[in-house]
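Report on one structure; see the data block that follows.
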Amino acid sequence: MGVEGCTKCIKYLLFVFNFVFWLAGGVILGVALWLRHDPQTTTLLYLELGDKPAPSTFYVGIYILIAVGAVMMFVGFLGCYGAIQESQCLLGTFFTCLVILFACEVAAGIWGFVNKDQIAKDVKQFYDQALQQAVMDDDANNAKAVVKTFHETLNCCGSNTLTTLTTAVLRNSLCPSSSNSFTQLLKEDCHQKIDELFSGKLYLIGIAAIVVAVIMIFEMILSMVLCCGIRNSSVY
């Protein structure tokens, strides 16, 4: 015997929420793939300074997002099918998956909040090391190539310290052609550009995580209510 009345409304409401959840998983998967192949970040994070590669923490987070998006699409499909079939087993499995996903998202959110500035900090340190080598050693061709890639990709020149800014003025060959004047150099600080590049992407990820968390809470409530309704209807 199928569910009736308010429980039937909850059934279709849960189906709609799960469809939205499935779509959200697809969006997160798409955004993660876009972030993974974004030309600016790819260019910078594939650089190597001697034997030292650029920091890879950002990509670790992206790979986690790709996995989360794929799992969300699977769980969303499971919830849709379980709601339509009125299966307590599928709904129970769906609820368990949601709880695990929610716990992982909370843990990842806490870690991300604590380390939100670490990615940009690591990239800035990598840039400063390359800039220092390029300025101190005329034969440091690898370091010069790394610095030029940063400057051309982000359209900046030098860091925010007076020393590196002064040396950058003396090394116009390392800077974009539009940044030859001292006034322009003051405006085009590479540390600031690095912060803008990564903070914007992290805010985008944070907003998506909050939206998904709200949907998951509603789905957990609705799935339990529907599961109880199915159990009660089978008694009668």
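Note: Cβ is positioned from N, Cα and C throughout, glycine not excepted.
Annotation comment: Swiss-Prot describes 1-12 (among others) as topological domain 'Cytoplasmic'.
The transmembrane segment annotation in Swiss-Prot covers 13-33 (among others). Within its own chain, the transmembrane segment (13-33) is flanked in space by residues 62, 65-66, 68-77, 79-80, 83-84, 204-205, 208, 211-212, 215-216, 218-219, 222-223, 226, which lie at least six positions past its ends and keep a Cβ under 8 Å from the stretch.
Distant neighbours of the topological domain 'Extracellular' (34-63): 112, 115, 118-119, 122-123, 126, 129-130, 133, 142-143, 146, 149-150, 153-154, 197-198, 201, 205; these residues of the same chain sit at least 6 beyond its ends, with a Cβ under 8 Å from one of its Cβ atoms. According to Swiss-Prot, the topological domain 'Extracellular' annotation covers 34-63 (among others).
Nonlocal intrachain contacts for the transmembrane segment (64-84), taken as residues 6+ away from its ends with a CB within less than 8 angstroms of a stretch CB, comprise 11-12, 14-15, 17-19, 21-33, 35-36, 90-91, 93-94, 97-98, 101, 104-105, 108, 205, 212, 219, 223, 226. Per Swiss-Prot, the feature transmembrane segment maps to 64-84 (among others).
Residues or ranges marked as topological domain 'Cytoplasmic' by Swiss-Prot: 85-89 (among others).
Long-range contacts of the transmembrane segment (90-112) within its own chain (CB-CB distance under 8 A, at least 6 residues past either end) are made by residues 61, 64, 68, 71-72, 75, 78-79, 81-83, 202, 205-206, 209, 212-213, 216-217, 219-220, 223-224, 226-227, 230. Look at Swiss-Prot and you will find 90-112 (among others) tagged as transmembrane segment.
Per Swiss-Prot, topological domain 'Extracellular' is recorded for 113-201 (among others).
For K116 (site 'Important for interaction with integrin'), the number of other Cβ atoms no farther than 10 Å from its own Cβ, over all displayed protein chains, is 14. Under the three-state DSSP scheme, K116 (site 'Important for interaction with integrin') falls in the coil class. Here Swiss-Prot flags K116 (among others) as site 'Important for interaction with integrin', drawing on similarity to another entry.
The secondary structure of K144 (site 'Important for interaction with integrin'), as reduced to three states from DSSP, is helical. Around the Cβ of K144 (site 'Important for interaction with integrin'), a 10 Å sphere holds 20 further Cβ atoms from the protein chains shown. Taken from Swiss-Prot, the feature site 'Important for interaction with integrin' applies to K144 (among others).
Per Swiss-Prot, the feature site 'Important for interaction with integrin' maps to K148 (among others); the stated evidence is similarity to another entry. Counting every protein chain shown, the Cβ of K148 (site 'Important for interaction with integrin') has 16 other Cβ atoms within 10 Å.
In the three-state DSSP reading, C156 (disulfide bond) counts as coil. Residue density at C156 (disulfide bond): 25 other Cβ atoms are found within 10 A of its Cβ, drawing on all protein chains shown. Summarising the annotation, Swiss-Prot assigns disulfide bond to C156-C190 (among others).
Counted within 10 Å of its Cβ, the other Cβ atoms near C175 (disulfide bond) come to 23, all protein chains included. Annotation source Swiss-Prot lists disulfide bond at C157-C175 (among others).
Here Swiss-Prot flags 202-224 (among others) as transmembrane segment. Here the transmembrane segment (202-224) has long-range neighbours at 10, 13-14, 17-18, 20-21, 24, 27-28, 31, 61, 65, 72, 79, 82-83, 91, 94-95, 98-99, 101-102, 105-106, 108-109, 112, 116, 119, meaning same-chain residues at least 6 beyond its ends whose C-beta is under 8 angstroms from one of its own.
Residues or ranges marked as cholesterol binding site by Swiss-Prot on the basis of similarity to another entry: E219. For E219 (cholesterol binding site), the same-chain residues 6+ apart in sequence whose C-beta sits under 8 angstroms from its C-beta are L14, F17, N18, F21, G79, L98.
Marked as topological domain 'Cytoplasmic' by Swiss-Prot: 225-236 (among others).
C156 (disulfide bond) and C175 (disulfide bond) have their C-alpha atoms 7 Å apart, to the nearest angstrom. Checking each of the recorded positions K116, C157, C175, C190 against K144 (site 'Important for interaction with integrin') by C-alpha distance, the shortest gap belongs to C175. Looking only at Cα atoms, C157 (disulfide bond) sits nearest to C190 among the recorded positions K116, K148, C190. All protein chains shown were included, and the count of other CB atoms within 10 Å of the CB of C157 (disulfide bond) stands at 30.
Within 10 Å of the C-beta atom of C190 (disulfide bond) sit 26 other C-beta atoms, taking all shown protein chains into account.
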